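Chemist: One structure, pasted below without further comment.
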Amino acid sequence: MSLSNSSKVSVLISLLEKSRDLDYIGEAINQLEHSLQCAYFAQRSGADNEMVLAALLHDLGHYCNDTSFEDMGGYGVWQHEKVGADYLRGLGFSERVACLIEGHVAAKRYLVSSKASYLKNLSDASRKTLEYQGGPMDEGERRLFEEREDFKDCLKIRAWDEKGKQTDLKVPGPEHYRKMMEEHLSENQN
């Protein structure tokens, strides 16, 4: 028996709420606050709903499964971008949302390799996870990444990811995104 779109969204909201208890490793906020801030910045910038949802759910792979995935030395789930994207594909989210989520780690690797100042501005935790994520891209990887149709959108997700680490920022809670998620799932049904 498959879940209704409303039930799928309730599961996601429950996962988001539970992430309140998870440290956003190396930062002064929790995982929920980070996710909500990223979505807030996306929405405030005028991004479309798929971008807002990708920003909201980009770190879902750290906490969407009860099973144990390979760890990045205490810095979260290795390949969390793929774990989260695949989880959302299974729920019926669009390929664009999944690809944007997969692309946020590649965007970090790209920016580190193409902007000397970017690495200096990363938090200690983000620098540490970069090692597990493949380090800076080489020239060939950069060219391939730049050829992606969603290249610029992946960089935007990454920018919101970096910005979404503020303490005491008041933003809407997970329920604010319920209707957006339900409509997205309805639009993407075959």
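Here the Cβ of each residue, glycine as well, is placed from N, Cα and C on the backbone.
Quick paste of what Swiss-Prot says about this protein:
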- Tyr24, His34, His58, Asp59, Asp161: Fe cation 1 binding site (BINDING)
- Glu27, His62, Lys108, Ser126, Arg127, Lys128, Thr129, Leu130, Glu131, Tyr132, Gln133, Arg158: (1R)-(2-amino-1-hydroxyethyl)phosphonate binding site (BINDING)
- Glu27: site 'Important for stereospecificity with the R-enantiomer' (SITE)
- Asp59, His80, His104: Fe cation 2 binding site (BINDING)
Chemist: About how far apart, in whole Å, are the alpha carbons (Cα) of Arg127 ((1R)-(2-amino-1-hydroxyethyl)phosphonate binding site) and Asp59 (Fe cation 1 binding site)?
Modeler: 16
Chemist: Going by Cα-Cα distance, which of the binding-site residues (His34, Asp59, Asp161) sits nearest to Lys108 ((1R)-(2-amino-1-hydroxyethyl)phosphonate binding site)?
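Modeler: Smallest Cα separation from Lys108 ((1R)-(2-amino-1-hydroxyethyl)phosphonate binding site) among His34, Asp59, Asp161: Asp161.
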Chemist: Near His58 (Fe cation 1 binding site), which of the binding-site residues His80, His104, Thr129, Glu131 can be found within 10 Å, Cα to Cα?
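Modeler: Near His58 (Fe cation 1 binding site) by Cα: His80, His104.
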Chemist: List the other residues in this chain whose Cβ sits within 8 Å of the Cβ centroid of the Fe cation 2 site residues Asp59, His80, His104, in sequence order.
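Modeler: Other same-chain residues with Cβ inside the cutoff are His58, Leu60, Gly61, His62, Glu81, Gly84, Ile101, Val105, Asp161.
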Chemist: How big is the gap, in Å, between the Cα of Asp161 (Fe cation 1 binding site) and that of His104 (Fe cation 2 binding site), rounded to a whole number?
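Modeler: Checking the Cα atoms of Asp161 (Fe cation 1 binding site) and His104 (Fe cation 2 binding site) gives a distance of 8 Å.
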Chemist: Note down the number of other Cβ atoms within 10 Å of the Cβ of His58 (Fe cation 1 binding site), including every protein chain shown.
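Modeler: There are 30 such Cβ atoms around His58 (Fe cation 1 binding site).
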Chemist: Please identify which of His34, His80, His104 has the densest Cβ environment, defined as other Cβ atoms within 10 Å, among these binding-site residues.
Modeler: His104
